[in-house]
């Protein structure tokens with residue numbers, strides 16, 4: 001008998017979510033999906049999505065004042081091998097298009113800007129000196 005008096009309450013709790021759920025077949029469409037920088041337009045790069053890590057999307061390059069991510073986090077302790085690697089890396093282009101797979105959700109800064117540290121763990125696109 002008790003279960004019969006709870007039935008209307010249960011129906012009131014379950015009915016609104018059923019009415020608000022989308023019909024079968026509705027899905028999100030992700031525009032701007034990419035695999036490489038060359039698939040994105042000018043001023044954009046192919047970066048990891050902030051919401052779904054397995055998807056890469058065309059993302060605008062950093063403008064003045066935008067937060068950014070440094071190209072490397074490795075410490076340089078000054079031994080010869082690391083110095084040679086650093087010189088070799090500095091010769092490589094660090095611009096868009098990048099032919100590898102980006103591992104972060106931000107793009108490099110626009111040309112003429114650099115990703116500079118402003119506090120312990122914060123980097124911002126600022127004018128190069």
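Glycine residues also receive a Cβ, built from the backbone N, Cα and C atoms like all the rest.
Noted in Swiss-Prot for the protein shown:
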SIGNAL    1-27  signal peptide
DISULFID  34-46  disulfide bond
DISULFID  40-58  disulfide bond
DISULFID  45-107  disulfide bond
DISULFID  68-115  disulfide bond
DISULFID  109-125  disulfide bond
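Projection of Swiss-Prot feature records onto the structure.
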residue: 34; record: disulfide bond; Cβ neighbours (10 Å): 17
residue: 40; record: disulfide bond; Cβ neighbours (10 Å): 22
residue: 45; record: disulfide bond; Cβ neighbours (10 Å): 24
residue: 46; record: disulfide bond; Cβ neighbours (10 Å): 23
residue: 58; record: disulfide bond; Cβ neighbours (10 Å): 18
residue: 68; record: disulfide bond; Cβ neighbours (10 Å): 22
residue: 107; record: disulfide bond; Cβ neighbours (10 Å): 25
residue: 109; record: disulfide bond; Cβ neighbours (10 Å): 23
residue: 115; record: disulfide bond; Cβ neighbours (10 Å): 18
residue: 125; record: disulfide bond; Cβ neighbours (10 Å): 23
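Following the DSSP three-state reduction, the secondary structure of residue 107 (disulfide bond) is coil. Within 10 Å of residue 34 (disulfide bond), counting C-alpha to C-alpha distances, fall the following of the disulfide-bonded residues 40, 45, 58, 107, 109, 115: 40, 45, 58. Cα of residue 125 (disulfide bond) to Cα of residue 40 (disulfide bond): a span of 21 Å. Reduced to three states, the DSSP call for residue 40 (disulfide bond) is coil. With respect to their backbone Cα atoms, residue 115 (disulfide bond) and residue 40 (disulfide bond) stand 21 Å from each other.
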